[in-house]
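Worksheet: the structure to be examined is printed underneath.
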């Protein structure tokens, strides 16, 4: 009977150790993925200074040409603002600027033109309602674009790192508890 109890303990300890090691390995893999995907986007985002933007003009453009190529037809909003004492183009997020530098706001669904147009009109009306709003500008003066919302700010980076850190901490705690339990059982068996 004593032998069965010891075997059950060892089997349970082995399973707990496997769980802890698996959690640590998953956390390390997740950290690697985040470091190769999210961290470069965070470092590339130069719009760190929060400032007040004053609306200058808004235009809705139906079709643009980019470097001699016509892009698929969808309505896009073009917003000019005055931020940090200089004229600038407002972009919704970093991704908007990368997708099409001629558009400040690209609607979510561009499949249905009428729905996309209504979405752009609604956003334009909100900008015209509120002439002064907060935006993110680059600290260096040569950047001619500002962001309405940062996707890759410090909060996004911390939120991305929360779950892998939680997983790593939990795995290490499980391993530490199993090892301390083994050590204490060896001490108790020696007495």
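The count begins at 1 with the first shown residue.
Cβ coordinates come from backbone N, Cα and C, glycine included.
Residues or ranges marked as N-linked glycosylation site by Swiss-Prot on the basis of sequence analysis: 80 (among others). Over all protein chains present, the Cβ of residue 80 (N-linked glycosylation site) has 15 other Cβ atoms lying within 10 Å.
What Swiss-Prot lists as N-linked glycosylation site is 142 (among others).
Per Swiss-Prot, topological domain 'Cytoplasmic' is recorded for 1-18 (among others), and the stated evidence type is sequence analysis.
The annotation topological domain 'Extracellular' is assigned in Swiss-Prot to 40-157 on the grounds of sequence analysis. Counting residue by residue with DSSP, the topological domain 'Extracellular' (40-157) contains 32 helix, 41 strand, 45 coil.
Sequence annotations record features per position, and here Swiss-Prot assigns topological domain 'Cytoplasmic' to 179-191 (among others) based on sequence analysis.
The transmembrane segment feature in Swiss-Prot is assigned to 19-39 (among others); the stated evidence is sequence analysis.
Under the heading transmembrane segment, Swiss-Prot lists 158-178 (among others).
If you take every residue in the topological domain 'Cytoplasmic' (1-18) and average the pLDDT, you get 69. With a threshold of 8 Å between CB atoms, the same-chain residues lying at least 6 positions outside the transmembrane segment (19-39) that come near it are 152, 156-157, 160-161, 163-165, 167-168, 170-175, 178.
Summarised by DSSP class, the composition of the topological domain 'Cytoplasmic' (179-191) is 12 helix, 0 strand, 1 coil.
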